[in-house]
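> Pulled from TrEMBL, these are the listed features:
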REGION    243-263  region 'Disordered'
TRANSMEM  36-55  transmembrane segment
TRANSMEM  62-85  transmembrane segment
TRANSMEM  119-144  transmembrane segment
TRANSMEM  165-185  transmembrane segment
TRANSMEM  205-226  transmembrane segment
Amino acid sequence: MSIGGIMDFQWVAERQVYCGSHCTTQGVFQFVGETAVAMFTLAIALHTFTSIWIGRRLTYRPYFWITYSVCVWAYVLLFAFIAWATHKDEGPERGFFAPTPFWCWINYKYAKQRFGEYLWLWAAGVGNLIIYSALALLFCGCFTDVEQGDPNERREYRREGWLQLLNPLGYTILVLPISVVRWMYISRPNPPSLLDPNMGSLAAATLVFYSTFRLSGLINVLLVLFTRSGLLLVNSTGELYHGDPRREQEERQRDEHQRVEGQ
C-alpha cells in the first residue's frame, strides 16, 4: 500500500494520470496492500480476543499461521492477476485498473469488485470495534470479578480496558474518511473530470484522507507501544492482574502444590 503511494510521484511530476504499465502496477499494489492489511488486522484482533478471553496464551501453531498467510496472499494476488488478465485486452477504458482519478485503482466500471475490496475493510473495522469493545468490558470487570485486590491494581486494570478501545478507534479513523470520499466518486454515473471546478473540495478531501490512511503502519506501531501491556495482560512488574483467569489458575495450582507437599 505504501509502495502504491510512492508511485504517485510520477503522476505529480507529469501532472496527469493515465493508463499503462505504471498505472496497472500501482493498482495492483493498492488492491493487494489494502485488502491484505484488512485481513491480517482482523486475524490479529481475533487472536488477541481468543487469547485473553480463554485466559491463557495460545499455543503457537506455525502451520496454522503459515496456511492463513498463504491463503491471504494467494487470494489477493490471484484476484488481482485474474481480474487484470480478464480485461487486459479490452482497451484502456475497460481495463481493470485505471485512473480513479488521482491515482490508479479498480476501474469505476467494476463497482462490484470495488465493493468486494471494501467489504474486507469494513469487516475489519466492524470486527475490531466488536472484539476490542468486548475486551474493554472484560478489563472493566463486566465478566470477571475485579473488585478484589489493591485499588491501584483495579484502577490499572480498568485503564487497560479503555486502552483497548484505541485499536478500533484508530482503524476506524483511518478507514472511514477515505471510504466516504471514494464512494462519493463511485456513486457518480460517470468518472469525475479533474477540470471540473466543483471537484476542488472533494479532491482536497480525498488527498488528505488517503494520506492519513497510508499512515496505518505508523498508527499500528503506536497502538502496540501504548496497549501492548493490556494485550498481554501483564503489568510493569511482570505479574498478571487480579481477576485474570491465568492468575487464578496459577494460584489454584500453587495452593494444590503446597497442599500436596504438606501431606
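Cβ atoms here come from the backbone N, Cα and C positions, even for glycine.
Remember, TrEMBL labels are computer predictions, not curated facts.
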> Do any residues of this chain, six or more beyond the ends of the transmembrane segment (62-85), have a C-beta under 8 angstroms from a C-beta of it, and if so which?
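For the transmembrane segment (62-85), the sequence-distant neighbours (Cβ-Cβ under 8 Å, at least 6 residues beyond its ends) are 24, 27-28, 31-32, 35-36, 39-40, 43, 95-97, 106, 110, 113.
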> Give residue numbers and ranges for long-range contacts of the transmembrane segment (165-185): same chain, 6 or more residues beyond its ends, CB-CB under 8 A.
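Residues 41, 45, 100-101, 108, 114, 118, 121-122, 124-125, 128-129, 131-133, 136, 191-192, 202, 205-206, 209-210, 212-213, 215-216, 219-220, 223, 226-227.
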